[in-house]
Amino acid sequence: MNSLVTQYAAPLFERYPQLHDYLPTLERPFFNISLWEHFDDVVTRVTNGRFVPSEFQFIAGELPLSTLPPVLYAITAYYVIIFGGRFLLSKSKPFKLNGLFQLHNLVLTSLSLTLLLLMVEQLVPIIVQHGLYFAICNIGAWTQPLVTLYYMNYIVKFIEFIDTFFLVLKHKKLTFLHTYHHGATALLCYTQLMGTTSISWVPISLNLGVHVVMYWYYFLAARGIRVWWKEWVTRFQIIQFVLDIGFIYFAVYQKAVHLYFPILPHCGDCVGSTTATFAGCAIISSYLVLFISFYINVYKRKGTKTSRVVKRAHGGVAAKVNEYVNVDLKNVPTPSPSPKPQHRRKR
C-alpha cells in the first residue's frame, strides 16, 4: 500500500514541491500547521495580551470559577433563573428569537470545533509516543496546553446554560434530564480541573465532537434546513456516553485497586485526586442511570404516551432521546393506532 501511494504521489510532489511543506507530522498532524501556535498568536492579539494561552496556568482562587463557592453559586443561579423564569413567563407568549438561536448555535459549533482540533493536535504525539494508558493515567499527559484547553472548555459549559434560557423563553418543557445534565457537567469539569485527572481529555474530546455535530444540526434546523442525519446526532451522544463509561470505569478501577486492593490485577495508579476520581465516576454513573430510566420508560412501560410517541418515531430511542429533553408531551397528540390493512375483494 505504501509503495502504491509513493508511486502515485511522487510525480505530484515533483510537479508541486511546495506540497512537502504541508505533509503531516507527529507534532503537526494537520497539514504540518501548528494550530496551537496560530491559536496562541490570535488570542493574544485579540485580548491585547490579557490572555496568552501558552503562558496560562490554572491556579485555584486566581481565576474565574476556580473555587467551589462561585461554581455552586453559578449553578444555583442557573436553576433559579430557569425555574423562576418559567414561572414568571407562564402567562406570556413564547418568544421566537430564531436569529439569536441561530447565532448561539453557530458560536458554540465554532468554539467546540476549535477546541477539538487543538486538543487532537496535542493528543496525537502523546498517544503515539507513549501509548493510551500513559495518556489517561500518567501525570505526563497533564500538559500546559491541554490544561488551558480544559479550562476554556470548562468556561464554555457555563455559556451552554443559554441552551436552557432559550427553552424557557420559547416555553419549551424543562425536563430533569436536560437541567440536571447542564449543572452536573459544569460541576464535573470543575472537579477534574481541581483533581488533575489526566483522563479528562477522553470525555472532553468526545463531548466536543458530539457538540460540533449537535449544535451544527440545531443551527441548520433553525434555518429550516432538513438533514438526513438527524437521528445520528443522538446516536453519537449514546456512543460518546458508552465510551466515557468504559474509559472512566477503567481508570477508577486502577485507582481503587492501587490504593485499597493492590493484590488484585491492575496496570498501576491513575493520576488524579481521589475526590476527583470518585466524583467523576458518580456523575458519569448518574448519566447511565438516567438513560436506563428513559429506556425502561419507553420500552418496558407499555401504554404510556412517551412510549407510544417514541416507538412510532423513525429511529426510536436513538432519534428521540435528545428531542425528549425539549419536547412537551402535553402538546404532543397521542398517535392513533395504525389502521388495519384492507384487503381488496376478489371479483
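Just so it is clear, glycine is given a Cβ too, placed from its N, Cα and C backbone atoms.
Per Swiss-Prot, the feature N-linked glycosylation site maps to Asn32. Secondary structure from DSSP puts Asn32 (N-linked glycosylation site) in coil.
Swiss-Prot lists Thr334 with the feature phosphothreonine, giving a large-scale study or a structure entry as the kind of evidence.
Marked as motif 'HxxHH motif' by Swiss-Prot: 178-182. Through the fold, the motif 'HxxHH motif' (178-182) approaches residues 78-79, 82, 157, 160-161, 163-164, 167, 286-287, 290, 325-326 of its own chain, all at least 6 residues removed from its boundaries and within a Cβ separation under 8 Å.
Per Swiss-Prot, the feature motif 'Di-lysine-like motif' maps to 344-347.
Within the same chain, residues at least 6 positions away in sequence whose Cβ sits under 8 Å from that of Lys255 (site 'Determines the chain length of the elongated VLCFA') are Asp269, Cys270, Gly272, Thr274, Thr277. The site 'Determines the chain length of the elongated VLCFA' annotation in Swiss-Prot covers Lys255, and the record cites a curator's inference as its basis.
Feature annotation from Swiss-Prot assigns topological domain 'Lumenal' to 1-62 (among others); the stated evidence is a curator's inference.
The topological domain 'Cytoplasmic' annotation in Swiss-Prot covers 84-96 (among others). Per-residue pLDDT, averaged across the topological domain 'Cytoplasmic' (84-96), gives 90.
Annotation source Swiss-Prot lists topological domain 'Cytoplasmic' at 143-146 (among others), citing a curator's inference.
Per Swiss-Prot, topological domain 'Lumenal' is recorded for 170-200 (among others), and the stated evidence type is a curator's inference. Sequence-distant contacts of the topological domain 'Lumenal' (170-200), counting only residues of its own chain at least 6 positions beyond either end whose CB sits under 8 Å from a CB of the stretch, comprise 58, 60, 65-66, 68, 71, 74-75, 78-79, 82-83, 86, 89, 94-97, 135-142, 146-147, 150-151, 153-154, 157-158, 160-161, 163-164, 207, 247-248, 251, 270-273, 275-277, 279-280, 283-284, 286-287, 290, 294, 324-330.
Residues or ranges marked as topological domain 'Cytoplasmic' by Swiss-Prot: 222-231 (among others). Secondary structure by DSSP for the topological domain 'Cytoplasmic' (222-231): 3 helix, 0 strand, 7 coil.
Here the topological domain 'Lumenal' (255-275) has long-range neighbours at 133, 136-139, 142, 191-192, 194-199, meaning same-chain residues at least 6 beyond its ends whose C-beta is under 8 angstroms from one of its own. According to Swiss-Prot, the feature topological domain 'Lumenal' maps to 255-275 (among others), an assignment based on a curator's inference.
What Swiss-Prot lists as topological domain 'Cytoplasmic' is 297-347 (among others), and the listing cites experimental evidence.
Below 8 angstroms of C-beta separation, residues 151, 154-155, 158, 161, 164-165, 167-168, 174, 179, 182-183, 186-187, 190, 193 of the same chain, each at least six residues beyond the ends of the transmembrane segment (63-83), sit close to that stretch. The transmembrane segment annotation in Swiss-Prot covers 63-83 (among others).
For the transmembrane segment (97-119), same-chain residues at least 6 beyond its ends with a Cβ under 8 Å from one of its own Cβ atoms are 30, 35-36, 39, 145-146, 149, 152-153, 156, 159-160, 162-163, 166, 169-170, 201, 204-205, 208-209, 211-212, 215-216, 218-219, 222-223. The annotation transmembrane segment is assigned in Swiss-Prot to 97-119 (among others).
Annotated transmembrane segment per Swiss-Prot: 123-142 (among others), in sequence order.
Among residues of the same chain six or more beyond the transmembrane segment (147-169), those with a C-beta under 8 A of the stretch's C-beta atoms are 53-54, 56-58, 63-65, 74, 78, 81-82, 85-86, 89, 94-95, 97, 100-101, 104, 108, 111-112, 115, 118-119, 122, 178-179, 182, 185-186, 189-190, 192-193, 200-201, 204, 208, 326. According to Swiss-Prot, the transmembrane segment annotation covers 147-169 (among others).
Note on the topological domain 'Cytoplasmic' (84-96): residues 165, 168-171, 174 of its chain, located 6 or more positions outside it, place their CB under 8 angstroms from a CB of the stretch.
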